[in-house]
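Student: I'd like to ask some things about the structure below.
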């Protein structure tokens, strides 16, 4: 397969555009942390976040701010990471279906592997062979030679991979011994499947667990395997005997994370019950409750700078990562104060972590306001914030206020069609635009708070404007294709290039650091870049291959979509005593204000009726010709009422708002008119 290889199939697949509203530098994990890797040589900890970001931290306790850098290229949860090549290279697996290869020291992505067709959930690493395996929900296991991956370049971008077949269900855990002779997978099939990665031959299938196998470890020579399952048990397997040789019932709920010491004599376990235990594999009755976290445990990483390990790092569904000391654990065992009596449990060895890498808040709730432009959010700290989807920014932090009250406070009797969707999976606002409804929302410039240079009040398409802002730096959007030939002539004659089409949309810009993502509707990412980087040569070329035609139409060809039309019927109200008209079906822009319909009634229906009943003098005709539009508007409001469902309508309402809030029925909208009683 080819790293960075993207087939030019944008015309055949359904491509969506997404962007993330966020700060330029996101220093803190904004969601749970799925994986950890420790580099003891450089005193660095790598965290793989559900916010899609891999962060590097200093574990030097004397450093006031532990944050070093962020590694950003994924677009969904990062599920697993492994450090290779003595800490020089990091491999990551993500729910965006990719495996990425990083320069761990400099923090940049070197290549992207796209062989998986679904979430990549687990990685395994054979240190002696520099071999990495990846697996996920597509039931596939791929083997990668790390030295080959790190040698990839723009011209040499092809890498071969071996695959292990035979899994019948989604894979959630993977392990490979250091020597690279055995690989084991765990899945929702509730069995362990074992292969020889050198030949890709299936060796065995081990049965015993009754639920998903979430964690796996192998000893150095690949003769023993530890497994943790959602069934709440830890099992020790002999691969030589092809059977389970011990079962440890330590936890009250599912076991999601395991670590083991070098000698493979003590297992550290954590999971849904938030407790972390150390269990003696030779004597299962000897187990020590090390600590209790505040959230379910997702991953652990032993500090192996000494033997026995002096500490363990723990990641949970919360955004902070804790380091717990293990220094007193041996005295604890020697004294006999271990937890072998469930009816009279011993308190944990540690009540406070030794070190905390503080996390940030995650957005857990949102409400799109009626104007379909602003969003209210609530985070894990109960703070409420107000956001502008169009400008891709936070407008205001409202603090710890009542979320529902804020929604009520900002309610407006206005209807704008849905034109985007919101996802909170990463703990940040991800906005997605889809061809099916992206151009559904038209508003007037005045209502949107924008002024036009000529003082007019044009109708603006929100989705169209936003796409133009997101791709403002892409050179292809700067020159209308019709003017390219003429522009080249100007360039040749005058020595300068003339931009005939302004950059962006002329009304607003989005923050240049905004991540823009092109992906298939099923969730598979095609290309991610920062808004400001679309002017780069490589990025521009990839945009040419990736941007779908429906986006090209708006951003490059400047073809704005047509207005939405709404059909309706106009009839005299029953109280007016007027004869019911022939039921003609009318049609108008759904943004047409009620006052314009009132003017139509006054001018075309009421005036015509009056003229047919009286003989008009030439003076009256002359006066009628001089009557201004403004006068008609004033007279219409003075003399005419428009009703829907017997409710008098506000002249400032538009037809779509009337249909949504007042008509509320199937079929075409019906409006009634009557003259106001004098």
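Glycine is no exception: its Cβ is also placed from the backbone N, Cα and C atoms.
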Student: In Swiss-Prot, which of the ranges 586-607, 608-629, 630-651 has the region 'Disordered' annotation?
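Tutor: That would be 608-629, the stretch labelled region 'Disordered' in Swiss-Prot.
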Student: To what whole number does the mean pLDDT across the repeat 'WD 7' (292-334) round?
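Tutor: The answer is 90, the mean pLDDT of the model over that range.
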Student: Over the span of the repeat 'WD 1' (28-67), count residues by DSSP class, listing helix, strand and coil in order.
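Tutor: Looking at the repeat 'WD 1' (28-67) with DSSP, the answer is 0 helix, 20 strand, 20 coil.
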